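K.L.:
Structure provided below as structure tokens; questions to follow.
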Amino acid sequence: MSIKADRWIKRMAQEHGMIEPFVDGQVRGGVVSYGLSSYGYDIRIADEFKIFTNVNSAIIDPKNFDPRSFVDVKADVCIIPPNSFVLCRTIEYFRIPRNVLCVCVGKSTYARCGLIANVTPFEPGWEGYVTIEISNTTPLPAKIYANEGIAQVLFFEGDELPDVAYDDRSGKYQGQTGVTLPRI
């Protein structure tokens, strides 16, 4: 399994729609950077946020998730409460090839502020907008910015095709279009 370079990422995005919209090169200057990098792609977050709140004193249960645990916000910035988290989604829509696995890691700009981006791997054959969880590990409110970078996606090409890909097993998050809550 090898990591893929910018040339491959660009070709797959432009010829096969792997990333839409695709930004060829790094956008910087007054923003948290995003776009194509040497061995990855820095993704942006949309202006749709689900901010965790415990106003209903709910118990978090992934098998029976209560959507009232979140407050929906549509804005250019999102304030994450201290020691809490927010769910958001990417601006980019991904179509992952059958022989590729993607791993997503947070950007150091946010990590240095105590904000941690968590995303599970993008499995072979998966497509959709990526739901991202951003944790505020600090005792202070923290700000994140829509339409700017949040994490970097790394693309790994497998040595052979899997017997069963995500789309073959009708994965529960296949084709997700918005911020998606836990499903069983």
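Every residue gets a Cβ built from N, Cα and C, even glycine.
Keep in mind the model is a prediction, meaning the values are calculated, not measured.
OK, Swiss-Prot features for this one:
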type: ACT_SITE; residues: Glu133; note: active site, proton donor/acceptor
type: BINDING; residues: Lys107, Ser108, Thr109, Tyr110, Ala111, Arg112, Gln152, Tyr166, Gln176; note: dCTP binding site
K.L.:
Rounded to a whole number, how many Å is the Cα of Ala111 (dCTP binding site) away from the Cα of the residue listed as 'active site, proton donor/acceptor'?
P.N.:
13
K.L.:
Measure the Cβ-based neighbour count of Gln152 (dCTP binding site), defined as the other Cβ atoms within 10 Å of its Cβ.
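P.N.:
Gln152 (dCTP binding site): 20 neighbouring Cβ atoms within 10 Å.
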K.L.:
Specify the count of other C-beta atoms within 10 Å of the C-beta of Glu133 (active site, proton donor/acceptor).
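P.N.:
Around the Cβ of Glu133 (active site, proton donor/acceptor), 16 other Cβ atoms lie within 10 Å.
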K.L.:
Give the distance between the Cα atoms of Thr109 (dCTP binding site) and Glu133 (active site, proton donor/acceptor), rounded to the nearest whole Å.
P.N.:
16
K.L.:
Quick one, of the binding-site residues Thr109, Gln176, which Cβ has the fewest other Cβ within 10 Å?
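P.N.:
Sparsest of the binding-site residues Thr109, Gln176 by Cβ contacts within 10 Å: Thr109.
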